[in-house]
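TrEMBL annotations:
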type     : residues : note
COMPBIAS : 16-27    : compositional bias 'Polar residues'
COMPBIAS : 82-93    : compositional bias 'Polar residues'
COMPBIAS : 132-154  : compositional bias 'Polar residues'
DOMAIN   : 45-81    : domain 'HIT-type'
REGION   : 1-43     : region 'Disordered'
REGION   : 73-100   : region 'Disordered'
REGION   : 132-158  : region 'Disordered'
Amino acid sequence: MSIPQGDSGLAPPDNITDTISQSSASTLKEEDEDAPPMRRDPKLCGICEKEVGKYKCPQCFMPYCSIACNRTHKESHPPPAETSQKPSQQSVPPAQKKEDPYAILLDNEFEFKRLFKKYPFLPDELSKILQNTLPPDSSTDGATNRSGFPTSFKQPYGKKQHAWSRMDGLLQGVAALRQARTDPTEIGDGIRECCDLILYLLSSQKSQTHGGPRAVIKDLTEVVREEVVAEETEIIARLNQEEAGEDRDK
């Protein structure tokens, strides 16, 4: 026996279904509006929050997208903590470091290049003077030094020749320099100008450091002068002893 279905049947009318759907959508929309805002995507730039953060700050690991954003972040970022390695790098105080008194000559290298351009022969002449300070050439029985020039300490035949010393070379170098300075040609002009430049730079360094921690550095000119005087005295005394010994042998 079939039961007729009317307005009060089990199947709901279409308008009721639409009403329920609209009511559910409205409820979900209200819940979305009342819900707290979602957290921003951690992959976005932490500065502009627009572009993808391709890089991260090495200190706080905040992502950033560009150099401009990184610069903005650094301005507000606290400075990094000092590492424990920094004191070890400064273990030697500056006052204890040995200073090179000739460093000012290297700092003014352009002045010497200008001088060598003015006197192209000057490097060779200075090299010849320097060669006079070297020990004698053993192949020539001490008659000449490595530059080929005769030494000033060759003794006459039959006399005992003393061993070469560093001060012997210094005296020979001083004699060669003195001879070059008194040269009346253009060579003497170049040597004199070079010597004046060196003395000027050394004296200016002394005046700049006068009264400071570097004031203990002696004037190099005085040091050389003291060494030359001491060596001259030693050589004269040595020659006198040799002559006195020869007189006794006679």
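Just so you know, the numbers here start at 1 and follow the chain as drawn.
Using the three backbone atoms N, Cα and C, a Cβ is placed for every residue, glycine included.
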Averaged pLDDT score, the domain 'HIT-type' (45-81): 76
Residues in the domain 'HIT-type' (45-81) grouped by DSSP into helix, strand and remaining coil: 10 helix, 5 strand, 22 coil
